[in-house]
Amino acid sequence: MKLLEDRIKKDGEVLDGDVLKINSFLNHQVDPQLMMQCGEEFKRLFADQKIDKVLTCEASGIAPGVMTAYVLDVPMVFARKKKPSTLNDAVYWADVFSYTKKVNNKICVEEKLLHKGENLLIIDDFVAQGEAVKGMVNIAKQAECNIVGVGAVVAKTFQGGSDWVKQHGLHFEALASIDSFKDGQVHFGKEN
């Protein structure tokens, strides 16, 4: 998605450790118009799929997830990184390692929000090593849902997460695919 790539070139910052900082429009401050366009693009890319619900992970997956759900006219569920005190019902759990924060999280979704046989579209802000996606796939399988695809706003294809998704037979689409960071610059690829 050229608009997104241009925004990354303009406002993104490559940090040590192959980290891309895009806090000005996705990971801290959100550009709702850009996120709406991302949602529209995911709708186009997954148009051949019957989608009952969007599944994402808090916190940065919520903006693209809710916009995608909005344009698809379906609900969105987000996996929580901590079980809140208000959640007394049964939950599905999965372990997720955060690449940027270097911590292990246990993500959870209340069981009654996912139903056997539902068709889920997983949306995430970044797919790097794919840890959050792996956790959401795990939760979807526990709930006996069908995963119709995985959409990433940004995929760092050189870190293996997008390969993992494809190797598991899942339809994968990235709105911006990054092949490498060289000399502090983002180098985009064409592969989804």
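Cβ from N, Cα, C; glycine included.
Binding site for xanthine per Swiss-Prot: Leu20, Asn27, plus Lys156 from the candidate set Lys134, Lys141, Lys156.
The binding-site residues recorded for this entry are Ala128, Gln129, Gly130, Glu131, Ala132, and the Cα of Ala128 lies nearest to that of Lys156 (xanthine binding site). All chains included, 26 other C-beta atoms sit within 10 angstroms of the C-beta of Lys156 (xanthine binding site). Each of the binding-site residues Leu20, Ala128, Ala132 was scored by other CB atoms within 10 A of its CB, and the lowest score goes to Leu20. A distance of 14 Å separates the Cα atom of Leu20 (xanthine binding site) from that of Gln129 (5-phospho-alpha-D-ribose 1-diphosphate binding site). Secondary structure at Leu20 (xanthine binding site), as computed by DSSP, is strand.
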